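Asks: Here's a structure for you.
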Amino acid sequence: MDIFRILSRGASLNKKKGITTDYALPSEKQTQKQKHKQESLLNEVERETDFFHTRKHNSNSTTTSGKGDKLTNGANSNKEEQMETNETKAKEEEIPPPELTTEEDAQTFRNLHKSKVTGDDIPIPIGSFQDMIGRFHINKKVLSNLIDNEFVEPTPIQCESIPITLNNRDLIACAPTGSGKTLAFLIPLVQQILSKNVSKNHGIRGLIISPTNELAVQIFQELEIITRGCKQINVAILSKQLASKLNNNIIKSSKYDIIVSTPLRLIDVVKQGNMDLSKIEQLIIDEADKLFDHGFAEQTDEILTHCTNPKIRKSIFSATIPSSVEEMAHSIMKDPLRIIIGHKEAASNTIDQKLVFTGNEQGKLLAIRQMIQQGEFKPPIIIFLQSITRAKALFHELLYDRLNVDVIHAERTPKQREEVIKRFKNGDIWVLITTDVLARGVDFKGVNLVINYDVPQSAQAYVHRIGRTGRGGKAGKAVTFFTKEDDKAIKPILNVMKQSGCNDGYSQWMEDMGKLSKKEKKQIKTHEIQRKKISTVPKVIKQKRKQRQDMIAASKRRKQESKQESKQESHSNDEREE
């Protein structure tokens, strides 16, 4: 069912039946039939707009009040479908998870999932979460929480990282977006803390750092899920409210076992002496390429100086880890193991990537409107831009097109951003416009399309942006608009597309583009391209507006000049009188 077709339907009168039949009151049977039809239509619309599957729907599209054959057949077909799904589920459950016991088993597993693990004394990966019962005596409550939330089978990054972490090894992990990295570090972190019997108010033992508040909130939500019912562990996110309570000595930080935080807020509390990081046993840096970048590197370094426990274990996770970040990681770690799932600089193979040449800035808006007309604009959609000003401008343009759209950027408060994300996940917003503030980590499971309205400044930024779609093995699409000014900036993106196997998403002439020098790469990363304003206002109207503005400015200038002249005249007259 095409929801847009239903919403655009009109109404007409049947001329053949005559006026009396058109305006006659409906009978009881007709009313009931119409009611069933409306209910089924409403259910269909609800299901189609529930992009992220967060709502509860009626399983039967018809009520049981009628006694017709159609209702009976519908119920029977529903029962048959239910039986079929139960049978398939039962068959799936009968298939035993793979048991990995030897190095040969581990190598076969790694070849199958394109995993590369380097370092000394590499542990054998787990084949299932049940493997952890025998090998690591996983807490039963944690295991049941995983199963209850349908985390039945571990992903390749989880299979590799969990045994490495539980063997107390430092870790550098790189895996595609949407591959389950959050659980890959949360499960062993929680398991190690629960396995040690320590006194209450011992102090913070686990610290997770993330670059954005949105990502920190998401990590904390996952942490709450797997620790539900575990009374001996206390977890928290360092929110503005909690930071205030700690700084005012209302609460002591020693009551928490695990803290999730962004760097600046954590540093502020630590500097005031209201949080002790000296007892931390496990430090996890999520989105490490961002936190070791020039914007966050000093903050990350300051946090590391306060983590003074000699037995501390460090882990870094990201979808992209450049060689410069690896070098920095090696300098702060002890004999780390390195996991690469897939290619180091590639995007998920579930994402269909495409480069679209638009000529100029106006061409980008025309391209979006063309996508809408051709039915390629299937919500939910995320559109990325390079600046807040441009995000706001596009928001107003798409509002003019009467699209169900909202915008997120750094100028909006955390509460406003949370509300927009919630509405987007519920399907109330179909198109979300944003800057790179949402490019990392935030998990939207049902996003169909990502549009890079502005070309990202690096291959890493591109991988993280398009990683908002194609998550958890689902198919997704990513479209990047580029203009004549982006001829050099698209080269890193082209390399990512090649490594991901998306050779049909760009024109063949792009193959002949030369390699970028180090100087050119640095310039692209550090200097944003100066772009024209986002607007579809005709040139004639723009000129008229400019003329009017110039006239107003000239009028104001003349008034000021006349005032100054009159003041000078009055001053000279006063002098003469004296």
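Just so it is clear, glycine is given a Cβ too, placed from its N, Cα and C backbone atoms.
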Asks: With the ranges 38-41, 98-101, 286-289, 554-557 to choose from, which does Swiss-Prot describe as motif 'DEAD box'?
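Replies: Within the set 38-41, 98-101, 286-289, 554-557, Swiss-Prot attaches motif 'DEAD box' to 286-289.
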Asks: With the ranges 131-159, 160-188, 218-246 to choose from, which does Swiss-Prot describe as motif 'Q motif'?
Replies: 131-159
Asks: For the motif 'Q motif' (131-159), what are the same-chain contacts with Cβ under 8 Å, counting residues 6+ beyond its ends?
Replies: 97, 99-100, 109, 113, 115, 125, 166, 173, 175, 179-181, 183-184, 187, 190-191, 194-195, 225-230, 339, 341
Asks: Using DSSP, tally how many residues of the motif 'DEAD box' (286-289) sit in helix, strand and coil.
Replies: 2 helix, 1 strand, 1 coil
